[in-house]
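The block underneath contains the structure these notes are about, expressed in structure tokens.
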Amino acid sequence: MDFNVRKLATDAGIFFSRAVQFTEEKLGQAEKTELDAHFENLLSRADCTKNWTEKIYRQTEVVLQPNPGARIEEFLYEKLDRKVPPRPTNGEILGQFMLEAAKEFGSGTPYGSTLIKVGDCQRRLGGAEREFLQTSSISFLIPLRNFLEGDWRTISRERKLLENRRLDLDACKARVKKAKAAETKAAAVPDFQETRPRNYVLSASASALWNEELDKAEHELRVAQTEFDRQAEVTRLLLEGISSTHVNHLRCLCEFVEAQAMYYSQCHKYMLELQRELGSCSGDIRCPDSLDVNCHPASSPTDPSAFLPLNSPSPLETDALQIEEVQPPASGTRKAKVLYDYDAADSSELSLRADELITVYTVPGMDSDWLIGERGNQKGKVPVTYLELLS
């Protein structure tokens, strides 16, 4: 118990001494040991690294998980040292909704079959997003967080200890300075004619006492200087390690970019496959805008180039069909409603007028973007994207 009280008193004395030194420095009443320029540059570089790493880490979290509620949930699970339960991505949820809607509407209907195709694509996009989030978290977020919660905390702790050592050192310097001034005053030769012998003895005793106090203060100064130098060297080594931290973060950043590029590449691949799948359908759906990524955005709705993929052969480039010799297939014909006006490009095509009904069918070897249309005695090729099949 005595030891604890004594230690408590000692710690309180040290804290009070540091508080006095810090206050006097702020008031300009005490000298402060300045660090060298190189050390100050290391400190500034470390602070800059910490600040920007923290900003990049927080914003990357927002990019990868825009939902703040989900981020809070993940944070709580992490603090509780529990595994975060698997959560479907928004793309996977959307895809599941589309597939369930297709079951309700009927997979045999144009809308239902398209929902199945788009829903499956959305699920694959969601799966790619999940892989991207996992890869980015492992390769980029975790290293940044390890620096902030590990290396930086160590650096901050050692810097705080260095500051305490500096305050102790400056306090010892102040005590030595005061002891020297008191010793000089006490060592002054007394005037034997005006000073009584008793005062002379007291003056000699005071001089010896201040000599002893000066020796003690100088010893404490040497100890404080040694501890300060040792702590400064430890802190310097940690601060110089920021360079290796930059190298590590550079590698992690490159891995993040690779994961991001792979993710967008997969998304682009899935969307191209979906475009081809929807563009090659047999006219069961109507897509007023071209599904081809190379279409001209300014094309008018009545311009066939706005609906026909640029990389598919035009009717003028295919082998000419003898329209008058074409006969309806044995499988039968279908009725279709014309959605837009269409002017025939040549004699093999049939001009269309919006809202009219025509009979359509396909023949072997014909491009999937076109059908044979009949209206009374007229017959010709018509683009499927201008039609809505009714039966």
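From the backbone N, Cα and C atoms, a Cβ is placed for every residue, glycine too.
According to TrEMBL, the feature coiled coil maps to 207-234. In the predicted model, the coiled coil (207-234) shows an average pLDDT of 86.
Among the features that TrEMBL reports, domain 'BAR' is placed at 24-287.
Residues of the domain 'SH3' (331-391) grouped by DSSP class, helix first, strand second and coil last, total 3 helix, 28 strand, 30 coil. Sequence annotations record features per position, and here TrEMBL assigns domain 'SH3' to 331-391.
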